[in-house]
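Novice: I'd like to ask some things about the structure below.
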Amino acid sequence: MLALIILFLTALVTLFVGFAKKPLLTLSLSVLGLLGTAAALICQWYHPSDFLSSYEGVNMDGFAILFSLVAIIFTILIIFSGFEQFKSRLDHTADYIGLLIFSLFGAIVMVSFQDMFMFFLGLEILSIPIYVMAGARKDDPLSSESSLKYFITGAFATGILLFGIAWLYGATGTFKIYEIQQFFMEAEQISSLAYVGLLFILSAFLFKIGAAPFHFWSPDVYDGAPAPVTGFMAAVVKLGAFGAFIKLFTIAFSELYDFWMPALTFLAILTMFVGNLSAIRQVRFKRLLAYSSIAHVGYSLITMVVLTNNSALNLWYYLFSYGFATIALITVQMIVNDREDRIEAFKGLGRANPFVGFVAVVALLALAGVPPLMGFFGKFLIFADAISQNPALIAVALLNSGIGIFYYLRTVIVILQKPGVDNEIEQSEFKTTPLQLIVLGICVLAMLFGGGLLMVH
Amino acid sequence: MSSIEIIALALGALTIASALMVVLSMHPVRSVLYLILTFFLISANYVLLNAQFLAIVNIVVYAGAIMVLFLFVLMLLNLSKDNEPRASNIMKLAASLAAGALVIVLVAALKDAIYLPVVENVQGNSQGLVENLGQLLFTKYVLPFETSSVLFIAAMVGAVLLSKKEKQIID
């Protein structure tokens, strides 16, 4: 609770400090606030306390703290790597950073909610700043298009979600997730209203995480949005949405597992195939990332299909590893800074700037799931947990990983190639800033040694 | 059938009919006018459910503010049949299939639905008045209430950010 207050104050202070037009001051204050929030969360971990005991809408339990801490780390990394872009619009630097922090606030509410009010508010606080941020490059029609597309489809999904919550309320008469669980346990016969409500809520979630067949917005939006925002959507928004997803479905709908499990199994398989097969044909880097993120959503859904005691932790670890790799790649994309965002523009990156090239290769291999990188352990945990219950699903997932390796390795080859003399693409300079180098350093360390986290848990 | 039930049935039928007219009428301005009617009818339903404050807010916010915006946008857009995007036949077929399936599911669910027993409210007719609502909002539900202010600030900052004129665009 204290963490939420600190975070909100940080966002406000960031907005007001923006008037001074000193980007570095804004940056340091906001990062300081984010670190303060993280510290408050860690305090909460060791000394759990209720700030507001009369209302049980928010509960900062271990699950919420773990997800929130990762979201905070990702937000700091994205603010660092996007700082160069934010700084170029001096009037708006603070607005950009402030909106990202507001969105992070929503993500934290979404992983710590206990009833539908807070859940809905969290979802909206998470989404609305991102609708705006996707259109932050106002002189670029693609950016405006992506913002509008995301807003309209997102608002529609929100409507569906609210409709579903209303049906669920009609069936159970309560908004609190533990009371809903209780109701389903004790009810002799579950009203058909609940099933319809569940389906509506499920489709809204599938939209938010970008699973097939609700994924059509994501390539366009990822492509058009400014690079830092794309990274934020892939890392933090997905983390928040998945956190709420697994929380709602393992607590409130745990009794209806037999009803939603087959649907989710089918959707997970569909999502993996759609993501991987479409990614093969991409020539633009951010679109490639978008489709690869769809494929990774498919792998993550396996944790929900096969529920065990470790599901939430596996999902957390998977999203953790995925976020680092994506943020590293987005940062590399900003360094390459090709106007048309072609994968071809990465040619010669490995020779022109060995460190950046190395990080890009490591991140791509981590996404592909090559040991001993963090991405491998993420996949391994999920697959190992699920294989005894649903071997067929894991076979499909392994097949998909194989397809994935093809397009990741193809991009790796492009990076390692000699800068050709004969091609028409003029070589960009690959300018880096110290902050971006820090981000890349943190990401590559995490990806190389993140497997060590497994020893702890 | 008691008089309340008759009123509820009539209101419900009217609401659905006017909502259908929003979608079915060809002229956009007429659609918007039907939409206003729908909002008023929904407010009447709220009154029937003892939610007087919600009814007033619904009229003020939706029929008042949002509909005016709708009408403005319509008049600025200068809509006519010629510049309306045409949907292909496959799209139309797919849309009607999807919507039809949804309707079947909803109707089937409503047919077999088990409804919770109606709880008599303690406060009688005054339950939905501002006083009771305010009591709840500032005591039990103070956290969601305050959190929604975070949402509004974020939305406001976003709106200003998007609508502010950039120097590059002007010249």
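Cβ atoms here come from the backbone N, Cα and C positions, even for glycine.
Sequence annotations record features per position, and here TrEMBL assigns domain 'NADH:quinone oxidoreductase/Mrp antiporter transmembrane' to A:115-403. The annotation transmembrane segment is assigned in TrEMBL to A:62-81, A:93-111, A:117-136, A:148-170, A:190-211, A:232-253, A:259-277, A:289-309, A:315-335, A:355-374, A:394-416, A:437-456.
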Novice: Hey, which of A:190-211, A:232-253, A:315-335, A:394-416 has the most Cβ-Cβ pairs under 8 Å against the transmembrane segment (A:437-456)?
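Specialist: If we count Cβ pairs closer than 8 Å to the transmembrane segment (A:437-456), A:315-335 scores highest.
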Novice: Relative to the transmembrane segment (A:148-170), which of A:117-136, A:190-211, A:259-277, A:289-309 accounts for the most Cβ pairs at distances under 8 Å?
Specialist: A:190-211
Novice: In the same chain, who gets a Cβ under 8 Å from the transmembrane segment (A:190-211) while lying at least 6 residues past its ends?
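Specialist: Hits for the transmembrane segment (A:190-211): 123, 127, 153-154, 157-158, 160-161, 163-172, 184, 217-218, 237-238, 241-242, 244-245, 248, 253, 255-256, 259-260, 263-264, 267-268, 271, 293-294, 297-298, 300-301.
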Novice: List, by number or range, the same-chain residues at least 6 past the transmembrane segment (A:93-111) whose CB is under 8 A from its CB atoms?
Specialist: 3-4, 7-8, 10-12, 14-19, 21, 23, 26-27, 30, 33-34, 58, 63-64, 67-68, 71-72, 75, 78-79, 82, 86-87, 118-119, 121-127, 129-130, 132-133, 136, 228, 232, 236-237, 239-241, 243-244, 247
Novice: Does the transmembrane segment (A:259-277) make contact with the transmembrane segment (A:315-335) through 3 or more Cβ pairs under 8 Å, each pair 6 or more apart in sequence?
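Specialist: Counting Cβ pairs under 8 Å, fewer than 3, so no.
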Novice: Are there 3 or more C-beta pairs under 8 Å linking the transmembrane segment (A:117-136) with the transmembrane segment (A:394-416), counting only pairs at least 6 apart in sequence?
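Specialist: Contact absent: fewer than 3 Cβ pairs fall under 8 Å.
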Novice: If I count Cβ-Cβ pairs under 8 A between the transmembrane segment (A:62-81) and each of A:117-136, A:232-253, A:289-309, A:315-335, A:355-374, which range comes out on top?
Specialist: A:232-253
Novice: Apart from its near flanks, which chain residues at least 6 from the ends of the transmembrane segment (A:315-335) lie with a Cβ under 8 angstroms of it?
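Specialist: Apart from its flanks, the transmembrane segment (A:315-335) reaches 66-67, 70, 74, 77-78, 81-82, 84-85, 227-228, 230-231, 234-236, 238-239, 242, 246, 285-286, 289, 293, 296, 299-300, 303-304, 341, 346, 349, 353, 356, 359-360, 362-364, 366-367, 373-375, 377-379, 381-382, 430-432, 436, 439-440, 443-444, 446-447, 450, 453-454.
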